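Listed in TrEMBL for this protein:
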COMPBIAS  387-396  compositional bias 'Polar residues'
COMPBIAS  403-418  compositional bias 'Polar residues'
DOMAIN    101-220  domain 'CxC5 like cysteine cluster associated with KDZ'
DOMAIN    320-382  domain 'CxC6 like cysteine cluster associated with KDZ'
REGION    382-418  region 'Disordered'
Amino acid sequence: MSSLKLADIAAAMAAAQSQSSNITLFVSIMKRLWNAVVEDANLPDNIVSFLVQVLPTPATVNEIQSLWQELRIHIPTWQGPLLQNEVDNCLRQFGHGHSLGAEMLYPPYRTCIQPECSQMNIKLKKPYSAQCRVYTLRRGILPAYETSLACHRCNTRYHYAYFVVRASEADTQREFYAEYQPYVHAQESSFVQDRLCEYFGSLMCLSHTSSSDLARSYNLDLGRMDTTNQQTLLSELAQSTVVEAFFLHAVLRRSRRYGQTLCLPHRGDWEHRLDNALDFYNQLMAGTGQPQYCHACHDCLKFFCHPDTQRLLYMRGGTTDGVTNGHPRCLVDKCQMWLKSMNDHFCPAHLHLQSVCLIRGCDVQAEKGRLTCSQKTHRDKEEEYSKQSLGNNVPRTSRRKPSSLSTQKASNHKSGTSKLKLQLTRNWTHNEQLFVLSCGVIISRSTFFYSEGVASVKVNFTTLVTFPWPWVLPTHIFYDNVCHLLQHLNANENSYFKSVRLAVDVFHARHHKEDSDTFCNTNNNPALFPELRITKGKWSLNSSIAEQTNVWFGAFQAMTREMSVPRYNFFLDEMILIRNEWFVGEQERKGKQPFMLDFEALKAEWNHEHP
């Protein structure tokens, strides 16, 4: 009797466990597919047939519908365990045959939100579904369906990430939702999880991983799956998807930071669709736009007592230097217009000059089929070039390697070759100029088109709004050529920097001392400023941080080489932003107590001291 009771109990427990597995998987699946059934009293046929196929314990259609009726009100708020991996694998293997994906991407709205629509708040109709792929950080590559809905009254179609009004018009725009969406619509049928975009950005920033290497690495590791996707779409992550996902995710992040709505052209190729938005945010970022612009911490902000007045004072130090990163520019001097293609030599405004003789300084039309005009010396130069090219059969120019401009010295070597030069290669901008606080936080970046002369540095500090207000100037600025900068300021009677102590960095101070540079040693030697020295050989502020930072920054030259101008500028600013976020996090962990200076307090203090 006792034995029979134990057997009955065991059978009941087994049956209960089987039913529990059925219910848990059912709830997990319906939680995942909730967007596709949220308003349906009965489950659609395709979902029912899918459940019949995948539930571990066989169930009839009526049993599944009954289970749905019992549990539907609990699914949106379900707090119990969910079988995420099991659901992903079921939908990878069997979902495609039932028009279901591991993610069902719907618009965040089910009614029209256009304020001018006469049927605002009326249910959206005309669903249109398309297969797509979702690339995730921890769940691999997921088959998915994106469903858009439409309002027939105002002719607005709502997609997962954006809506479009009157999509048939040539100049229509995609307006992205202000609400956070976990997936970025990177390409037509590709969505990338925002956390994966952040992961890609971190690897680009901290380890200089290229987009092609990121795609390969993802396909070999994070994108590998135990169950093969049965969708007809190719599953591997493409390099172009990495690029577009990174840029769109970063632009969306910028738009939300500024509290703006992102609008992009609905038509056109993906490569240039972001150009106007990128340029807009590049202008906002220029000069004072970095979020860490007013950064301060124990490494860049120091307090000391004035030796005479015993007044407690502070100093905030920073340094500037150039690195030879750059992008192609128009061959016409002083022209800063974008090139339409990075393979062009001239911008659209000067494109008519592409048929001119390639000898520098010549403006005569080249003869048909030739690089030069009919002038004999020009033709001889072209023939000389042709013979050298055929004889050597090697590349004529090497790629420019990034380096800190402070490590470069002008060469006095005079070439014995002819003064005539063929302009066969593209012109490049001269360098990128960084301003780095003594702690290592980068607060500004700008492109120098022609040189890193002291006049350009002065303009960068003022006209290009790196320091548009005197109260945001650091108290100490280090620059390897600061002696010539100070001479330039004195010659032009420029008093903008009169409250700033301009000094060369410690390394160059030793070099200038050896060279007996009298002006530098008497005006710009850091030893002249006792507050900078802690003990012999030790300094309170790191005056060489820009050159150290340039090692990191210069590695982006290969990654940005063929980017368009707006992408080039946006990418470098985003790398600085990501690095600063990481760097400040490290400072917090190490107890450096980073904080933001109060802009209004700085202004008030300046106005008080300079009435």
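Quick reminder: no glycine exception, Cβ is built from N, Cα and C everywhere.
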Segment-level pLDDT (mean, integer) for the domain 'CxC5 like cysteine cluster associated with KDZ' (101-220): 94
The domain 'CxC6 like cysteine cluster associated with KDZ' (320-382) - residue tally per DSSP class, helix then strand then coil: 15 helix, 9 strand, 39 coil
Residue distribution over DSSP helix, strand and coil in the domain 'CxC5 like cysteine cluster associated with KDZ' (101-220): 24 helix, 47 strand, 49 coil
